[in-house]
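What TrEMBL says about this protein:
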REGION    1-23  region 'Disordered'
ACT_SITE  HIS107  active site, proton donor/acceptor
ACT_SITE  CYS164  active site, acyl-thioester intermediate
Amino acid sequence: AESLTTNEAKQYETSTPSKENEMQNINQTEIATETSLQPEEPVQIPASKVNHQLGDKAAYLIIPKIQKKYSVYWGADDKVLKKGVGMFVSDLTTTPSGNGHTVLSGHRDTVFTELGQLKENDQLIVEYENKTYTYKINKHWITDSEDRTVIVEKSEPTLTLTTCYPFDYIGDAPDRYIIESSLLSIR
């Protein structure tokens, strides 16, 4: 057992309810417990509802392991991807502040040439709207270019990076290299 100082003991004494108030507090606690609402789930805001213009610089992606910092542009069409990394915009995806699934895409032969060097537990950092979102890589995999199970809603804040695969393929690559990561912190 830990010993309390005199001041600590006095703090406990003054915060301990009297016998008269104890029953009242118990009854109020029971009522409060019965009527309290569960904590609300964070509301997800689809990226399609955010006010950015296609091609505008929206964020930065920092990958410490490969010592790279990329500008991230709003949208992921061919024109945007020629500029750099694109943030996929749909009703299924969110921005980092949207509490859901943020998807960033880039060409394997320009911005994402070194993506294959990343492993589980490596960190990805996104700077968006004056906040820094730090993610930890959970897994990576290769899938067919027609796979529609990658860009889906997620219940937890998730960052997914996508690029064409194989990395050294010439022409339109048949597969996609996917990295999925979960949010560690926001500051």
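Cβ coordinates are placed from backbone N, Cα and C, and glycine is handled just like the others.
Packing around the residue listed as 'active site, proton donor/acceptor' is summarised by its Cβ count: 17 other Cβ atoms lie within 10 angstroms of its Cβ, all protein chains included. The 10 Å shell around the Cβ of CYS164 (active site, acyl-thioester intermediate) contains 20 further Cβ atoms across the protein chains shown. In this structure, the CA atom of the residue listed as 'active site, acyl-thioester intermediate' is 7 Å away from the CA atom of HIS107 (active site, proton donor/acceptor).
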